[in-house]
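J.: Questions regarding the structure given below will be posed in turn.
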Amino acid sequence: MSLKQHTQAIFRQQFSHEPNITIKAPGRVNLIGEHTDYNDGFVLPCAIDYETVISCSKRDDRQIHVIAADYDNQQDIFSLDEPIVPHAQYRWADYVRGVVKHLQLRHADFGGASLVISGNVPQGAGLSSSASLEVAVGQALQSLYQLPLSGVELALNGQEAENQFVGCNCGIMDQLISALGQQDHALLIDCRTLETRAVPMPENVAVVIINSNVKRGLVDSEYNTRRQQCETAARFFGVKALRDVDPNLFFSIQDELDPVVAKRARHVITENERTLTAADALAAGDLKLMGQLMHESHISMRDDFEITVPPIDSLVDIVKSVIGEQGGVRMTGGGFGGCIVALMPNSLVEQVRAAVAQQYPAYSGGRTETFYVCQASQGAGLC
């Protein structure tokens, strides 16, 4: 049974009628452009074929009824005519409530809805299960009530819900790629203007995500520290964000900066350059250049931004030893654990899977990896 069929079946069981519509919103992986989003820079993610699915229908009352199929059909009911506050018990419900509340703040005109939510985006792996949920809820209400909201507005609404209602700091990339992703394309996103450019993926290339299963322990405190260091560097150069610093200027006077701050700035400034070049390399089908840029990105994250850990570095080395110049591999996400992403010919996937299974536990204290083979997928919409 597909995720769509499963969600529809639970809807019928819970509400005793057919849903009006079923919609989906995907998770994502970032191919290159790490810690550039909050520096007003560039990122190059793609949506993946792991997604949140919602079967839904309108209600005659002004209530939102939500069933979480993946949490033993836990239920949340709240009114559109009363202040929407965080749920006393269910963390998942806050993502739904936050999206609904922020749609109201945008003066969107909608009534009650019955929703059944299910998904297969791995949680805690840095593949944006939360952004997928936020965009899916927004898309469900938009589709039910024909709300005049663009994909960018749905993404911004999800980001606001996560930042202000749920209380998690995040950039706009995750929601934007979930809302706007295109089949068989990555999306070059300008995080300042929110302009996007669809970048075709080469044929017969797999997007492989490997979870190190190293828990991302320091990520919140270290994220905040890195962000402050980037802001310090931007102030030194008298610009709004590091995106505005010319690389030649930076290299000519980087010695005047605090050494650690200089390293952080060097990563962001060079990563923006790499990301723009990578979009062109990918569009041209130049996997050799793409692989070189992904390698440079990983080295920069390891040595300048200092956000990798030894098991992650080992995992990258194992994959690189198999794919050589036929693709690329690097850590993806906030750092200190989590996942790596690799682009490779479909023909090498099983060879990589075998090499990682055989070699990785020796470098990871006996941990085993989780292996996902993905394709670049369509963003939110009817399914």
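Positions of Cβ are set from backbone N, Cα and C atoms, glycine also.
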J.: Same substrate site as E34, H35, T36, D37 according to Swiss-Prot: which of Y90, Y95, Y145, Y223?
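T.: That substrate site, as Swiss-Prot gives it, pairs E34, H35, T36, D37 with Y223.
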J.: So if I measure Cβ to Cβ from Y223 (substrate binding site) and keep only same-chain residues at least 6 apart in sequence, which ones fall under 8 Å?
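T.: Result: N169, G334.
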J.: Just to confirm: which same-chain residues, 6+ apart in sequence, have a Cβ under 8 Å from the Cβ of D174 (active site, proton acceptor)?
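T.: For D174 (active site, proton acceptor), the qualifying residues are R28, P45, S128, S130, A131, Q159.
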J.: Inside 8 A of the center formed by the CB atoms of E34, H35, T36, D37, Y223, which other residues of the chain have their CB, for the recorded substrate site?
T.: G33, Y38, N39, G41, V43, G171, R226, V268, E271, G334
J.: Select one residue from R28, H35: among these recorded positions, choose the one with the most other Cβ atoms within 10 Å of its Cβ.
T.: R28
